[in-house]
Amino acid sequence: MAVPPSQLIQKLKENKLFKLSFAVSGIMSTLLIYGVLQEKIMRVPYGPNKEFFKYSLFLVFCNRISTSAVSAAILLGSEKVLDPVAPIYKYCAVSVSNILTTTCQYEALKYVSFPVQTLAKCAKMIPVMIWGTAIMQKKYTGKDYLFAILVTIGCSIFILFPAAGDISPYSRGRESTVWGVSLMLGYLGCDGFTSTFQDKLFKGYDMDIHNQIFYTTLCSCMISFTGLILQGNLFLAIDFVSRHNDCFIDIIILSTVATISQFFISYTIRSFGALTFATIMTTRQLVSILLSCVWFAHPLTAEQLIGAVIVFGSIYSKSYFRSKPKPLPSEEAENRAVSPPRNNA
């Protein structure tokens with residue numbers, strides 16, 4: 001007897017493997033497109049005169065206004081609370097740090113290639129640990145610090161040994177310029193604060209994910225718009241995209257996939273937890289590096305390959321050790337009874 005389509009869809013929705021496949025495919029596809037587009041917009045010239053798009057804050061504004069509109073529509077459609085749950089200044093704190101994070105990310109692409117930037121993002125566990133200790137009084141184990149040090153070493157090797165042919169279009173220096181590295185450090189510090197403070201807001205208030213997204217992105221829209229006006233770049237950016245239709249299309253697609261990825265990320269964390277999400281993101285970063293190397297012809301040195309192996313090996317090892325089930329108290333007691341006594345001398 002054939003199963004009705006409605007029942008088949010319901011069974012698929014209840015299937016955990018299907019839900020995980022849905023989450024993985026959504027995150028991987030949206031963020032891979034996002035990564036390729038942001039590198040294209042910031043590093044590839046447009047038009048016959050080979051003009052570069054230089055207005056990274058305009059990209060932030062476009063991304064945030066689309067996300068804010070979609071999250072508001074979801075809140076209104078589901079009849080959830082549209083009023084702010086936390087004080088507005090706390091949303092603004094997340095918003096400011098998020099704008100600084102994204103701006104540093106786009107600006108860094110003027111001086112470092114996407115593979116370098118993507119691998120450097122793996123080192124954000126260090127600022128997250130620092131902010132977690134400072135803001136939420138979290139405690140970390142020696143193993144956590146060991147993996148953080150290994151990731152830092154791998155990232156440092158990758159950044160300090162670039163290929164001779166991979167030169168920034170904005171400067172004659174090589175990728176490992178002081179300014180490019182400084183922007184990545186700014187990105188890591190601000191991104192670590194953003195995620196830690198968001199976590200604190202969720203734990204301190206009965207806050208829906210869409211409520212936080214709406215108010216933080218709404219604040220980001222106003223701040224980035226004000227920044228564009230003060231810099232005098234708003235009309236310059238509009239003039240650029242009006243003269244280069246392909247750039248306008250790239251920005252529209254970038255904003256769309258950035259918005260969609262936000263909801264896939266929220267769905268994954270809510271359904272499978274932070275550990276599964278971290279593993280998916282690590283895999284996405286690895287695939288993004290390989291795709292960027294092929295798409296934009298970025299050469300990799302032997303030292304960079306070693307650095308990448310150290311970074312991803314450390315991250316996957318950390319995920320493996322965290323996912324190992326802890327023995328039950330009765331099992332621990334039995335193991336201690338069977339194990340020979342240790343000599344502490």
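Cβ coordinates come from backbone N, Cα and C, glycine included.
Among the features that TrEMBL reports, region 'Disordered' is placed at 322-345.
Residues or ranges marked as transmembrane segment by TrEMBL: 20-37 (among others).
If you look up TrEMBL, you'll see 145-164 (among others) marked as transmembrane segment.
Annotation comment: TrEMBL describes 214-236 (among others) as transmembrane segment. A Cβ distance under 8 Å defines the sequence-distant neighbours of the transmembrane segment (214-236), meaning residues of its chain 6+ beyond its ends; these are 55, 57-58, 60-61, 64-65, 67-68, 71-72, 75, 82, 84, 88, 91-92, 94-96, 98-99.
Tertiary neighbourhood of the transmembrane segment (248-269): same-chain residues 23, 26-27, 30-31, 33-34, 37-38, 40-41, 58-59, 62-63, 65-67, 70, 209, 213, 241-242, 276-277, 280, selected by CB-CB distance under 8 Å and a gap of 6+ residues from either end. The transmembrane segment feature in TrEMBL is assigned to 248-269 (among others).
Taken from TrEMBL, the feature transmembrane segment covers 289-316 (among others).
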